[in-house]
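Notes for the one structure printed next.
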Amino acid sequence: DTRQDLTGLFTEKPQSGEVNVGENITFVAKVNAESLLKKPTIKWFKGKWMDLASKSGKHLQLKETYDRSSKVYTFEMQIIAAKPNFAGAYRCEVTSRDKFDSCNFELAVHGERACWYMLDSFSTDGKEDSGELDFSTLLKKRAVQVSTEPDLDVWDILSHAPSSEYEKIAFQHGITDLRGMLKRLKKMKKEEKKSAGFFPQKMDPAYQVTKGHKIKLAVEVANPDVEVKWLKNGQAIQPTGRYIFESVGNMRYLTINHCSLADDAAYCCVVGEEKCTTELFVKEPPIMIVKNLEDQMVMKGERVELECEVSEEGANVKWEKDGVELTRDESFKYRFKKDGCKHVLIINEATKEDCGHYKVKTNGGESMAELLVQDLEVYQSIADLTVKAKDQALFKCEVSDENVRGTWYKNGVEVKPDARINITHIGRIHKLTIDEVKPEDEGDYTFVPDGHAFNLSAKLNFLDPPKIHLDCMGRTAESTIVVVAGNKLRLDVPITGDPAPTVIWTKGEKVVTDGDGRIHVETTKGHCVFTIEGAERQDEGIYSVVVRNPAGEDTADINVKVVDVPDPPQAPRILSVGEDSCVVQWDPPLFDGGQPVIGYVLERKKKKSYRWMRLNFDPYPDTTYEAKRMIEGVEYEMRVYAVNGIGLSRHSSASQPFVPIAPTSEPIGLCVDDISDTSISLKWRPPERIGSAELEGYGVEYCKEGTDEWIPAIQGLTDRTSLTIKNLTTGDKLQFRVRAYNMAGPSVPTTLAQPVTIREIMQRPKIWLPRNLRQTLIKTVGEIVNLVIQFQGKPRPKVTWSKDGELLSPTFASVRNSDTDTILFIRKTERKHSGKYELQVQIENMEDTASITLQIVDLPGPPQALKITDIWGFNVALEWKPPKDNGNCEITGYTIQKADKKTMEWYTVYEQYRRTNCVASDLIMGNEYVFRVFAINLVGLSPEPCNTADSAYIQKTGIEYKPPTYKEHDFSQAPKFTHPLVNRSIIAGYSTTLSCSVRGMPKPKVTWYKNKMDISNEAKYRMLSKQGVLTLEIRKPCMFDGGVYMCKAVNDSGEDIVECKLEVRRKYPAGGCISL
């Protein structure tokens, strides 16, 4: 492969190897990934295309490792317990993106006889073991070929072996039908040479296949179109699911699926009179022993059952005793039992002679067990004992022979009597007594009768009450275990007790187990360990440990205290701010973490920044702190940490944003704007210096002369620079001051120069007439008039409106008055609202007046008496009088229009013409004209014009044109049908139409007839005529509507007739049935 030479991905290639059957072998491939962009992918193949990844399992394992230092991938293919069919050619391929490399290697398997024939066999579905490298299923479908190894040919073995060895050979090679095989061997004849024209390639004399597999028999014929027959033992084979016939070119195939013992027969392919014969032998797979025999020891006279289990039901096995095959004898001493895959050898009333080694054999394996038969009977065996410290332990047994002595053993060592241990033998009873049992007495005790090959065993269990060994038990402060939150808490409690006691941990009434992922409870020899990963605050409390075994129990309490950093303090509050400082206050944390809080750490940051700056590094003990060295006008936030002996808490939430800033300068220009008996109006100007923060408003205060109590004039602040303070006491002498407020607080106050007495001051009335009202105010009819006029005067003056010397009526116009102004309001003006309006403002005997002229204008009326005064050439002289109604304003001009009497389309001659006479020029000769005039004023054109009563004809001059005369053409024509009516046959109940077309001049009159009866006025018929097309619509005709229909067209020039026949059929055939 050229790609392999170019790329060379392998740094180490797998090498060919050899292995014995049942042994393991490993093939290694290494790839250097230093220059690769992607992890390499490796595939292992057997043969050309069989991917071994799907065969990984019991016999095949694929491994992969990576060395980061050398950047080398190591791939291994390990074959476990190699079988003969694992031998063959293998291939390893590695790819990485566009790079590729591969190598081939061989595997040879030795030490096991090969198969008799190289058959094209396949494993049955569902029986293939995962990981079994049974590559027979992947062989190409080709003609079956006999193996070339003559030493493995069973026919050669049988033909050269003596007849006495046939049975042995059949057992070794799994041949079940030996008699049939010998019969066929005897009848086999030499193959007669036939013409190669029928069978150029014949089948081999014999084939062998494993039971459950499939086999394909192939034969070649000379004629590709010839039909063949397949016979089994001379009987024709019918194609079924198990027998499949195939014909490919000159080849003919017989495939037998799932071969059974019934398929063991002679097969023949017949073409005409020519035959090709072969023998098929079905080999049973080796019978494996799944469950081996077990050694047994029985008493004399008891029943013995030696049982084993094989891999297949109904298999034959052979039983042997001490190398001699067992058969059913006449005394029925040995019985053989089959139960599915189980095989049982039964011996009734075992004797001493039955002792020995029993073996069961199959063609796939064997199993052996030993049988012991005792003649000494045990009436009572020794039993296991469990005793406490200083108690007595007694082992006792009883055998059938009084004279039999025995020996006692402890853990295989003979027991000697001493002060605590006593051994007695009275009659058939043997006793071992141990006084004041100690822990070292625990063990396995055995009684062995002398002269007999069996023993009696029992176990002595020592009970030691459990005990907890702790130095810090109790609930006092000295015995408390302190753990920092987040750290690991490990309680290692020494315990003793035999047998090993069970341990239960509880907290309160709840049993603590491993259910929580953080908690682990572990018990080892001599210790019980309770562990909490990452202790939390809720883990604090009293933990109880209880150890218990059959000898008793013990309990201990352990007080656990979890200390932690404190909770974060509450959000800090900003008490006040200065030009570059602020005072902040906060509340202590709700929980101090189990340790007293020793101080606080503060941080600040700019609002638009993410970086917090620490203000103090040593814990600050108080809860109020003044932060300095800040930039005026910049928005800041503050947060606080609490500190205890464990550490720093989480930070508090940030404070509300604040801006360090100084108060503004004082307001300026404070003065009294107005005063009355109960109120005063003040005004001032903003401070000269406001600073970086926005001005929040002004606070106004006052106090009585001679006191220091300043009273707020209003609740909160005002954002205006003027304020009216009401509800004051008349005659009080008050001092007033104003302060500006921003985020930093109030500024220095500004105060009036002297106190003010609350008393109203007389002021003469005066009207402040706007400049636009000092001349005539012109409004169009229908517009709104809203006049606002300011005035002054104290006390509140009396306001009077009049028109032309008469007081205004509320129905004529609306008037609204206040302390400082008056409003005249007309919602919809009319001509009557024109005139001179008088406004009078009066305080006692003092007054002030003002006059306003209002002119309401409208469209003018039409001009009057428009007449034609003269006509000459192409000119017409017009004259008219001004309109009677000028719309209450001057007429600014006229619009004169002309129109040709033929078209009556109006064209403007003059616009904004100011005289009452004019001359219309450039008129067209031979046309007759009429004229009209509109009046124009300030509002617009008059709604109606004034028209001339007479018309003006422009005379023609020169030769008069006389048009020629023509004889009028006669277009009259008699009616004639251009398209006749057509005979029709219709079905009753379905509307239909009759159509025809006619022409004629003038338009002819059309009349419809049925059977020469006029039907023009009948509702059943509808007559239509469009562009000469005549249509008669008959609505839902019945049987009586059949007949002759006629259409007649008549005009002054003549007439024409057209007719047709209409047949109406029944909707259904007579009788009401429809024939199919």
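Glycine is no exception: its Cβ is also placed from the backbone N, Cα and C atoms.
Residue counts for the domain 'Ig-like' (200-271) under DSSP (helix as H, G, I; strand as E, B; rest coil) come to 3 helix, 38 strand, 31 coil. Sequence annotations record features per position, and here TrEMBL assigns domain 'Ig-like' to 200-271 (among others).
Annotated domain 'Ig-like' per TrEMBL: 285-403 (among others), in sequence order.
Under the heading domain 'Ig-like', TrEMBL lists 466-559 (among others). Remark: secondary structure over the domain 'Ig-like' (466-559) totals 3 helix, 57 strand, 34 coil, with classes taken from DSSP.
Among the features that TrEMBL reports, domain 'Fibronectin type-III' is placed at 568-667 (among others).
The domain 'Fibronectin type-III' feature in TrEMBL is assigned to 668-761 (among others). Here the domain 'Fibronectin type-III' (668-761) returns a mean pLDDT of 89 for the predicted model.
The domain 'Ig-like' annotation in TrEMBL covers 765-853 (among others).
Sequence annotations record features per position, and here TrEMBL assigns domain 'Fibronectin type-III' to 862-957 (among others).
Residues annotated as domain 'Ig-like' in TrEMBL: 975-1063 (among others). Remark: secondary structure over the domain 'Ig-like' (975-1063) totals 3 helix, 58 strand, 28 coil, with classes taken from DSSP.
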Interface check, the domain 'Ig-like' (765-853) with the domain 'Fibronectin type-III' (568-667), three or more C-beta pairs under 8 A
no
Ranked first among 285-403, 466-559, 862-957 for CB pairs under 8 angstroms with the domain 'Fibronectin type-III' (568-667):
466-559
Run through the domain 'Ig-like' (285-403) and tell me, per DSSP, how many residues are helix, strand and coil.
3 helix, 63 strand, 53 coil
The DSSP breakdown of the domain 'Fibronectin type-III' (568-667) into helix, strand and coil residues is 0 helix, 37 strand, 63 coil
